[in-house]
Amino acid sequence: MRTLFIGDLHLSADRLDITQAFTRFLDTELDDADALYILGDLFEVWVGDDIALPFALELAEKLKQVSQKLPVYFIHGNRDFMLGKQFARAAGMQILPEVTCLNLYGIETVILHGDSLCTLDKAYQRFRKLRSLSLARWLYGCLSKKTRQGIADKIRSNSKSSNQQKSYTIMDVEPNAVDALFAKTHTKHMIHGHTHRPAIHQLANGCQRIVVGDWYEQGSVLSVSAEGINLQSLPFEHTT
């Protein structure tokens, strides 16, 4: 048996090929799985459970079927932090705290989306702090659907433009932030996404940091079992 970790699918109505690839993954890769963890940014944007698009509702039904066979866990990302209990319930997903520790076959491991580790990106961290406030989230939820969608589109556009001007270092995790989280959680193994740079990093003091990749051009899945770990790519099946 094995536990699977994915993240950064960025599903949207504009990229239904990714949704189709994810659906195939759910159909074919979970037979021997103990659990599925989705480490944030399942959707490209999420402005509220009351504005779920048809493709997202269909996906919720699929995930609900999966959840009847094995637990499905979800950690919010920077694109879908407004995903709430209503959609999670419909999808059979259990929402976890943004930093969660678990025992993986005898190994204490900390899992998270990963954006909190990119501490050199000061502008984003200020936005992240604001959006984490309960009052800010409540006020945003009180806005009309059209206004929320407009704000989300503007933020996404600004983020894309800003990221193109940021250096590789600023966009990656900051080593001191990684060390601090290891110390805070008393763990030596970490799994996260967000950076879209899949890799297995062997660090000092026997620590290990694993980054799951995005699903823009191919799938990325981390499999963890008692026998070891496997970070693999899943090619998309392109139809003509």
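Note: Cβ is positioned from N, Cα and C throughout, glycine not excepted.
What Swiss-Prot annotates here:
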type	residues	note
BINDING	Asp8, His10, Asp41, His196	Mn(2+) 1 binding site
BINDING	Asp41, Asn78, His113, His194	Mn(2+) 2 binding site
BINDING	Asn78, Arg79, Asp121, Ser159, Asn163, Lys166, His194	substrate binding site
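Known features from Swiss-Prot, placed on the structure.
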{"residue": "Asp8", "record": "Mn(2+) 1 binding site", "DSSP class": "coil"}
{"residue": "Asp41", "record": "Mn(2+) 1 binding site", "DSSP class": "coil"}
{"residue": "Asn78", "record": "Mn(2+) 2 binding site", "DSSP class": "coil"}
{"residue": "His113", "record": "Mn(2+) 2 binding site", "DSSP class": "coil"}
{"residue": "Asp121", "record": "substrate binding site", "DSSP class": "coil"}
{"residue": "His194", "record": "Mn(2+) 2 binding site", "DSSP class": "coil"}
Using the structure shown, find which entry in Asp8, Asp121 (the binding-site residues) has the sparsest Cβ neighbourhood within 10 Å.
Asp121
When a 10 Å sphere is centred on the Cβ of Asn78 (Mn(2+) 2 binding site), how many other Cβ atoms does it contain?
20
Counting across all protein chains shown, how many other Cβ atoms sit within 10 Å of the Cβ of Asp41 (Mn(2+) 1 binding site)?
28
Relative to the Cβ position of His10 (Mn(2+) 1 binding site), how many further Cβ atoms are located within 10 Å?
20
Chain-internal residues near His196 (Mn(2+) 1 binding site), provided their CB is under 8 angstroms and they sit 6+ positions away:
Asp8, Gly213, Asp214, Tyr216
Top Cα neighbour of His113 (Mn(2+) 2 binding site) in the set of binding-site residues His10, Asp41, Arg79:
Asp41
